[in-house]
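Undergrad: Please read through the structure below; I'll follow up with questions.
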Amino acid sequence: MAISKAWISLLLALAVVLSAPAARAEEAAAAEEGGDAAAEAVLTLDADGFDEAVAKHPFMVVEFYAPWCGHCKKLAPEYEKAAQELSKHDPPIVLAKVDANDEKNKPLATKYEIQGFPTLKIFRNQGKNIQEYKGPREAEGIVEYLKKQVGPASKEIKSPEDATNLIDDKKIYIVGIFSELSGTEYTNFIEVAEKLRSDYDFGHTLHANHLPRGDAAVERPLVRLFKPFDELVVDSKDFDVTALEKFIDASSTPKVVTFDKNPDNHPYLLKFFQSSAAKAMLFLNFSTGPFESFKSVYYGAAEEFKDKEIKFLIGDIEASQGAFQYFGLREDQVPLIIIQDGESKKFLKAHVEPDQIVSWLKEYFDGKLSPFRKSEPIPEVNDEPVKVVVADNVHDFVFKSGKNVLVEFYAPWCGHCKKLAPILDEAATTLKSDKDVVIAKMDATANDVPSEFDVQGYPTLYFVTPSGKMVPYESGRTADEIVDFIKKNKETAGQAKEKAESAPAEPLKDEL
C-alpha cells in the first residue's frame, strides 16, 4: 500500500531539515517574515474565475496554499521571483496561486485532490492534462524546470555534443533510438514522454553512436535508460505504452534505495514510498562499524529476492525520524528491519544481526511472521469530553461498544485539527447526557489506522452507528452542526438491534 502524500511530505521534510545548514534556516526565517508581501507577477485566482483562467492558457502552474502554512510562506518570494522571470519567456509562462483554505475555494481543493500545502500543479492544454509539479522550490530551479516543461517532451539528439549537454550522469535520462522518426514505436515513445515528462527527461535520436557508451550497430528501435546507480544503463525493445511505462518505473529506482541526508536520493525515496508494492526497510546508524557488513548482506538479499513483489530501502537513523514516527519505531530497537506489505500490515525484527536478514525475509515470504501494530498505550484515565482511542482498542471502542461514535483521526501538528479540537469538546459536552453517543479521537500519527477507515488527510472524521453503518463526516465544522448531524443520524439501542436481527444470516462455512 502506498503511503499518503501528507506522510511522504513529512518523511522527506524532516530529512531536508536535518541536512540544511544554519544559513538556510536564517534565509527561511527571513522569507517567512516577508512571505505576506503582495505579489505582482503571480496571478491570484479563486473559484469564480479559476476555470476561465485555465481555459485562457495552454500552460499554467497553480500553487494551492494556505495562509498559515510555513512552507507556503517560504515558497512565496521564490515563486514570485520565478513568475517575474518567466513572464519574460516567449510565450510567457503563467504562475498562479489559490488560497485553498478559503471556504469558497475548498471545492477546488477537493476537485484537484489537494492533500497538503503547498501543492503545485501544471495545467496543460487549457486544463485537459493536469500533472503534479515535481521540480525545485527555489526561483532559479523553478524557472529552469518550467522552461523544460513548455518545450518538447523529448529532444532530438543530433550530435555527441547534444548528448553531452542533455545526458547528466547524475540523473535519469531516457533515449529512444530509431531508424526513422515516425511509426508506431516512435509515436508510443513520444506519448510516454509527454505523460511522464514531469518525472523524467527524454531524448530521441537516429544515431546510437552519439550517446555515451554508444554503439552504432545497436538493433533499432530501442529504448535506453541511463541512470546514476546499479548497472548505469538498461535497454528495452518493448514499445507497448503500458510496457514502456512499467520498464521506466522498474528501472528508475535503485535496487536498494538509500534514506539519508543527501537530497539527490529524495526523488527515489518519493517513488519508494508512493509504491503500492511491499517495502522492506533496514534502519541502522551509518556512522558505526557494522554498517558495511549490514550493507553487503542487505544488497545481496535484494538481489536474491529481486523477482518478488518487494522493494528495498536502507536508512540512516539520523535522517529517518519521520519514518520512525510513521511506523511507530524507537531508536533503541536499532538495528532493525521492518516490512510493510501491500495491505499495510507491518512485520518487525528489532536488534537484527546481518546473518539474520535473509532467513527473516524468507520467513516473511513463507507467511510465518506475525504482524506488528503501532499503538499508543490504552489510556488508564479517559474522562475528558472527547475520548481518546488508540490502535489497540479502536475496534472495541468504535465497532463493539453499542454506541454511536463520531471518531476524529488527527495529527498533532495539523492546524485544522487544532481549530477543531475545542469545537469537538463543545459538541461532546452538549451530548454528554446522551448515553448512546460518544465523540472520540485518535492520533493517526502515533497509531495504525484500521483499514476500514480511509484517512488521506487531517482531520478525517467518521460516524459509526451501533449496527455498523459507517459514513465519512463531511458536514459543517461548528459544534451546533456536529450535534445536529449526530442527533439526526444516530441509532437507539432498539433500532440497532432491529437492524442486526433483520440482516441476512451468513451461511455456515466449512473451515476445513
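Glycine residues also receive a Cβ, built from the backbone N, Cα and C atoms like all the rest.
Model, not experiment: these values are computed from the prediction.
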Undergrad: Looking at 72-92, 114-134, 492-512, which stretch does Swiss-Prot describe as region 'Disordered'?
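TA: In Swiss-Prot, residues 492-512 carry the label region 'Disordered'.
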Undergrad: Among CYS69, CYS417, find the residue that Swiss-Prot gives as the disulfide bond partner of CYS414.
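TA: Candidates were CYS69, CYS417; Swiss-Prot matches CYS414 with CYS417.
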Undergrad: With DSSP assignments reduced to helix, strand and coil, which class does GLY70 (site 'Contributes to redox potential value') get?
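TA: DSSP assigns GLY70 (site 'Contributes to redox potential value') to helix.
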Undergrad: For CYS72 (disulfide bond) and GLY415 (site 'Contributes to redox potential value'), what Cα-Cα distance in Å is obtained after rounding to a whole number?
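TA: Distance between the two Cα atoms comes out at 14 Å.
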Undergrad: To the nearest whole angstrom, state the Cα distance for the pair HIS416 (site 'Contributes to redox potential value') and CYS69 (disulfide bond).
TA: 11
Undergrad: What is the nearest of the recorded positions CYS69, HIS71, ASN285 to CYS417 (disulfide bond), using the Cα of each?
TA: CYS69
Undergrad: Near GLY415 (site 'Contributes to redox potential value'), which recorded positions out of CYS69, HIS71, ASN285 have their CA within 10 Å?
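TA: Checking Cα-Cα distances against GLY415 (site 'Contributes to redox potential value'), the recorded positions within 10 Å turn out to be CYS69.
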Undergrad: Around GLY70 (site 'Contributes to redox potential value'), how many other C-beta atoms are within 10 angstroms of its C-beta?
TA: 15
Undergrad: CB neighbours of CYS414 (disulfide bond) within 10 A?
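TA: I count 16 other Cβ atoms within 10 Å of it.
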